[in-house]
Amino acid sequence: MTKLAYLHEPGVLDNLRSRYDINEIYTYTGNILIAVNPFCRLPHLYDSHMMAQYKGAAFGELSPHPFAVADAAYRLMINDKVSQSILVSGESGAGKTESTKLLMRYLAYMGGRAAVEGSRTVEQQVLESNPVLEAFGNAKTVRNNNSRNLEIAKYKLGHPRTFHYLNQSNCYELDGLDESKEYFATRKAMDVVGINSDQQDAIFRVVAAVLHLGNIEFAKGKEMDSSTPKDEKSRFHLNTAAELLMCDAKALEDSLCKRIIVTRDETITKWLDPDSAAVSRDALAKVVYSRLFDWLVDTINTSIGQDPESKYLIGVLDIYGFESFKTNSFEQFCINLTNEKLQQHFNQHVFKMEQEEYTKEEINWSYIEFVDNQDILDLIEKKPGGIIALLDEACMFPRSTHETFAQKLYQTFKNHKRFTKPKLSRSDFTICHYAGDVTYQTELFLDKNKDYVVAEHQALLSASKCSFVTSLFPLLAEDSSKSSKFSSIGSRFKSQLQQLLETLSSTEPHYIRCVKPNNLLKPSIFESKNVLQQLRCGGVMEAIRISCAGYPTRKTFDEFVDRFGLLAPEVLDGSSTDEVAVCKNLLERVGLEGYQIGKTKVFLRAGQMADLDARRSEVLGKSASIIQRKIRSYLSRRSFISLRRSAIQIQAICRGQLTRQIYEGLRREASSLKIQRNWHMHVARTAYKKLCFSAVSIQTGMRGMAARNVLRFRRQTKAAIIIQSQCRKFLARNHFMNLKKAAITTQCAWRGKVARKELKALKMAARETGALQAAKNKLEKQVEDLTLRLQLEKRIRADLEHSKTQENEKLHSALQEMQNQFKETKAMLEKEREAAKREAVKVPVIQEVPVIDHAMLEKLNGENEKLKALVSSLEKKIDETEKKYEESNKISEERLKQALDAESKIIHLKTVMQRCTYHYIYYNAYKCKLNS
Ligand SMILES: Nc1ncnc2c1ncn2[C@@H]1O[C@H](COP(=O)(O)OP(=O)(O)OP(=O)(O)O)[C@@H](O)[C@H]1O
């Protein structure tokens, strides 16, 4: 930019546009890098080959690039031992985060240490943790699309359209963005930074709970000014949120619909109307998400850690860009304050400090006007009396409203040139920022400035059953919860900004200004008006001017001589100790113009330092090649000498080896001659021995043959005699055999005749055997009959036996009875006799002459006789019965005998029959034999 022929706004714009058209999105203005968002991927600009190219290349030597800025910062830190910072600025969606990622990638590449196996380096962790911060920290805004929202069935979630907190942008998908891929990248990044799977689950539960909270709507309750979940759907979301946060659903409902006010005397429960309940719901969702995000940042920072050994740092600052919307609230106020602060830092560095230094160093210099924003910063953060101070005051005063706060602002800043009151509004105010006017709506300023968690929300979440949720909301000590009633977000933000700027001031800054070429977020569209506004806001035009008119680079005399003395070494040879004179001399010799010599430093125009550096590099390069040449020749000579020595040694060894080989050949030749001689002798002797042996063998063979002929003749003669005798024997034998055959034939005929006779007789016998068979069958039948009769007899006899036994038993019992009767009668008789005797004794003296009752005696005798007759008849009967019994015994014995006879007959018949059968079989066999 500084080399443009016409350095005015149209020229700068045209330059940016024509470069943008050919995808040259980066441009330098002095040391500032302007990056125009291409809204499309340009991978060739960022591959590892590009990184390798920028490594160590002089600034300005290659095309403008964030890698070049990172490389310059890195080298300055290493060489000059000064901490560096790279400030990436620009409005929302201009590409700050993308540029920051590139810077981090390059720095990780430069400082890259080899990772120990299984672990990651800090650089890798920093890069890999990015997706977590982006996933949870980015949101889709009207100016930037880069948000992601997770959706998982497990957490009872549906399409983003169904969630109040997601559906207000009406944008659910982004072209070219694979949600699931991003989700897995986030999960992986969480693993990398050491968030375990339980914690991950809890994190997604909390996010889902926030979404469900957002869907709870409220309707008027039964009580006056009370509220209750509107319908079943709201109740479902309330229950699901409670379930995901693992807290009591009723307690959640109460914490949203009621407030407990503690006064000195009593505790009052106050209902919230539906609108206030919705505000309470949003506050709860916000505080939960905010605590979750803080937890993530802390966890990532702890996991990455910082090298305690490091003395210098390179800070890369990616901070939200200037914002101006239709409605601007406290968030925009804080964001714009940050941008004002950074702008001031930029001004200070680029203009103020620069020009102050020129004055201090007393160099010729025409002052460049720039817009100093100190008065805006005073308006916002001055203590007391600044907007933040007034806001804190208003927050602490219980009766304040946003209107009273606005009135206070109007009064205080009535005459401030950066502050105006919009005509038709009663509570808005406008600040004239360096980047343009922004009108803020004060409605929520007071609420948003109060940094506190609603006590009911705190109590609800501290009592959660999920340890992760309770860790986000640790129980506060009783006193602290009461005492710290109010803490101001604005003041905290201000002091954090101050700390940041202090850190920045201790570093050497580099600037990357990101520019958004269009508001449609589409590639290849360059809206000049928009871009110009951003260039103006970023102070780029002034920077260009100061770069052209000023002296952006400087060095103290000794540093300068140290660094560039080698460009004219003769100036150092002189005995002059005056550094200024040496510097002037040096500058004259190198032929530089337009520089300035200050009191302690040499000031150079834009590009001059680069020019000197290039020359220095050239000299260094030349020197390096001379040194290299010398070293190479020394090394080559050394290697040649050692090579020669080695060659001679090798030759000596080779020659020795060759001679040894020749001598060995000669020795072998002599030996082989000796061996040949001996061999020939051995062969000749063997041949002679063979010949001798053959002659003897032939002689032996001939003699043997003659002897064998004699022997053969004798054998033949003997064989002829044997044949003759055998022949004769054969003839005699033949004659004998014929005679024998005739005799046998005669005998056979005779025997045949006899046999036929015998056969005839046998046939007769066979016929008899048939009769015998019939007789046998008859006998068998008889045997069967007899067997049957015998069985019948046996049965009859058994019956008889039985009846006889019965009769015997009867007779025995009758006899028994009779014997009993007889005994009784006898006993009675005895008794009567005894009685008669006793009666006779009792009779008086007169009785001494016994008077016999004859009648009685006779009667008794008669009865006695009868009884005797009865006894004898009975005894007779018994005898008869016994006789009968014996007779029947005899009969049965006879029958038994008959049966035994019959049995023996049967056995006899059976043996006869068997014999007949054998006979028959023998006959049949003989018949067969004869037939055959
Ligand atoms: N160098 C680039 N190459 C390709 N695309 C880019 C580049 N820079 C930015 N973008 C595109 O622009 C979008 C917005 O960029 P980025 O998120 O970096 O903006 P930002 O300035 O950080 O915004 P905010 O202030 O809202 O965080 C990116 O999502 C990407 O699509």
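Just so it is clear, glycine is given a Cβ too, placed from its N, Cα and C backbone atoms.
TrEMBL lists 1-617 with the feature domain 'Myosin motor'. Taken from TrEMBL, the feature ATP binding site covers Gly90, Glu91, Ser92, Gly93, Ala94, Gly95, Lys96, Thr97. Marked as region 'Actin-binding' by TrEMBL: 497-519. Taken from TrEMBL, the feature coiled coil covers 762-902.
Fewest other C-beta atoms within 10 Å: among the binding-site residues Ser92, Ala94, Gly95, Lys96, that description fits Ser92. Of all the binding-site residues listed (Gly90, Gly93), Gly90 sits in the most crowded Cβ setting, with the most other Cβ atoms within 10 Å. Glu91 (ATP binding site) counts 25 other C-beta atoms within 10 Å of its own C-beta, drawing on all protein chains shown. Helix first, then strand, then coil: DSSP counts for the region 'Actin-binding' (497-519) stand at 9 helix, 8 strand, 6 coil. Of all Cβ atoms in the protein chains displayed, 19 besides its own lie within 10 Å of the Cβ of Thr97 (ATP binding site). Across the residues of the coiled coil (762-902), the predicted structure has a mean pLDDT of 77.
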